[in-house]
Every structure is written in structure tokens, then in C-alpha cells.
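What TrEMBL records for this protein:
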- A:Cys104: active site, nucleophile (ACT_SITE)
- A:His236: active site (ACT_SITE)
- A:Glu238: active site (ACT_SITE)
Amino acid sequence: MQSGSIWGDSMDRSEIKVCVLRIEGTNNEDEMYYAFKRLGASPELVHLKDLKDIFDYNCLMIPGGFSAGDYVRAGAIFASRIRARMANDLHKFIDEGWPVGGICNGFQVLVELGVLPGFKRMDYPDACLFLNNSARFECRPTLLKHENKGKCVFTQNIPKGEVMLVPSAHGEGKLLFPREKEKEYFDRLFENDQIVFRYVDKDGKYAGYPWNPNGSAHNIAGICNEAGNVFGMMPHPERSYFDKNNNGISGMKVFESVLKYIEEK
Amino acid sequence: MKVEIKVGLKEGITDPEGLNIKKSLKLLSFDNVENVEVKRSYVIEISGKDEKKIREDVDMMCKKLLINPVIHDYEVEMIK
């Protein structure tokens, strides 16, 4: 991110407008709305058809659910409608450093939009969140280790190495890259500090199924773009808003982190 | 004109859905089932008769919505 203030004077928490974007089939917008509301920000539930200008907001959030019935592929229709409506504005919003987050289906939408992993500007996907290895909808608490060194604006207030209990509920969460670029892309994610959360077992070690619910390589549960302001994760921190671990860290920290980022920039 | 687009997985991508269907068929005593590939078929009616233009449009439809190039291949058949 660029240094110094990009929005002039620091913002008051209550002035921070968060666009929680929905279409038919999204179903986690209320939890996400209240996650920001409880922290003193000013979230709004906005249907894509009613969105006038994304620059009316300081943060764009895409909630979980089954947007457009998961028809075609999870997140594909929501992504194509966003692309049709505001592709250029979205890229500009991201380039200006405003935060964009996607949880679960929202992560799938950001991947289908091509803004994650975001190695270069693309108008088609450069990754995929594919069917879980189990071919089942996996719905249960999962343990996540926070791996980011400080780039991701959604987790800057979570210490690196912290393990959090966050529920997963998805059928398509396995992160895949083009086969011929797989190694290069995973290497770049690690080198660029774009890995944010990884699934671990009760001892904090990277483990296979069922600790890793979908079979993602390197147990990846959440990633950010190279600048750190676009973030997606499969599990639901808005559903573990109050579930503090022994160090007092809960899903709330994800929302608090991004609000602090907006306040301080 | 009607166009059928069949979207399947690229070679080398594990198909959990196909594996699951194969397992179920085996449980139903179809012991001779060796492999199951799941494909999705879209039959789209498009106005106009210029096949070249229709084919170009179909390729754009696939690129913009119907496939994810990371995992999918597709075949197009023109149905008159």
C-alpha cells in the first residue's frame, strides 16, 4: 500500500460506509452487516441493482450464501453481473487501496472476477475454488492459523501464528490454479505474503481431512492480493464474531482490522 | 440456431463428483463401470444464421461465464 494518508484526514469510525453487496441467493449479509454495525461503522445492505456508485463507500464486502442459486458455478453469475455493471469502477476502487472482502461465496465471486490472487489485471478467472475432495458440503467448525505477516488489511490486528476457531460451510472450497502455473502461483503467494489463513489441526499443525475440509493445497483457507486490500476466505468469521480463543481473538478481529485500516489511512 | 455447449473438466483435474457417482454405481452392482466423467450441457438458441459469428459469440459466452479456464474445457455443436 502507499504510505501516508490516501484519504486525507483520518476517518471517524461512524463515517466509514461499508457496502455489503447482495443479490438473490446471498444469505450471510445480515451477519456481515451486524459485524460492522456492532463495531460502530455504517454498513448498508445494497442490492447490486440498487448500487449507484461504489465510490460512495469505503469498503466493499461480498457475503456468503448461494448467489444466483450457485448456477453455472459457485459465484460465477454474481461475478459476471458485477463485471457487467462496474468492472472498471471495481478495478479503480481496488487500485485506490479501498478494501474489498469476500467470505465463502464472496471469496468464490472474487476469484471468478479474477481479482484474486490478482497477480495481474484480468477479466476472467486465474484460479478456481473447486469441489471439495469429499464431493460433499462440509459444514463444521474449522481451525485456522493466521499466516500473514502484515500485508492483509483484514487481519493486521491478528497476531501471526494465532489459531482461531471459525466455522466452514461450503461445497466448493479447494483452491486450484492453472496446472501449468500451479507451482509458480503457490510460490508467488508465499513470497508475496498473500497467504492469510491455513487450516490446521488441534495441535496447530497442517493436517489433511477432516481438518482441511476441502483438500486445498498447502491447507489454504484465505488469501489476499499483492497489495493486501483484496481478501477472500472460505470459513465464516462473521459467524464466530463472539467466539474468543484463549488469547481473546475471535472472528470480530477481521472486521475490526479492516475498519482500523480505513481509519488510519 | 440452436447450439449445444458441453463443459467438462480438463485432463488431469480430479473429478470428485464423477468418482462419487462411480462409487454409487458400483454399490448398485454395476461392477463393470470403470470411469465416470461429469459434463454440463447448455443448449442455447441464438438468432441469426452466420455460423462464424455465432461461434465467436459462443466462445465469448464461455469465456465470460460458462467456463472457468483453470479447470474447464468445452465442445460446441451447432444444432440446425
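Cβ atoms are placed via backbone N, Cα and C, with glycine included.
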DSSP output for A:Glu238 (active site) maps to helix
Mapped onto three states, the DSSP assignment of the residue listed as 'active site, nucleophile' reads coil
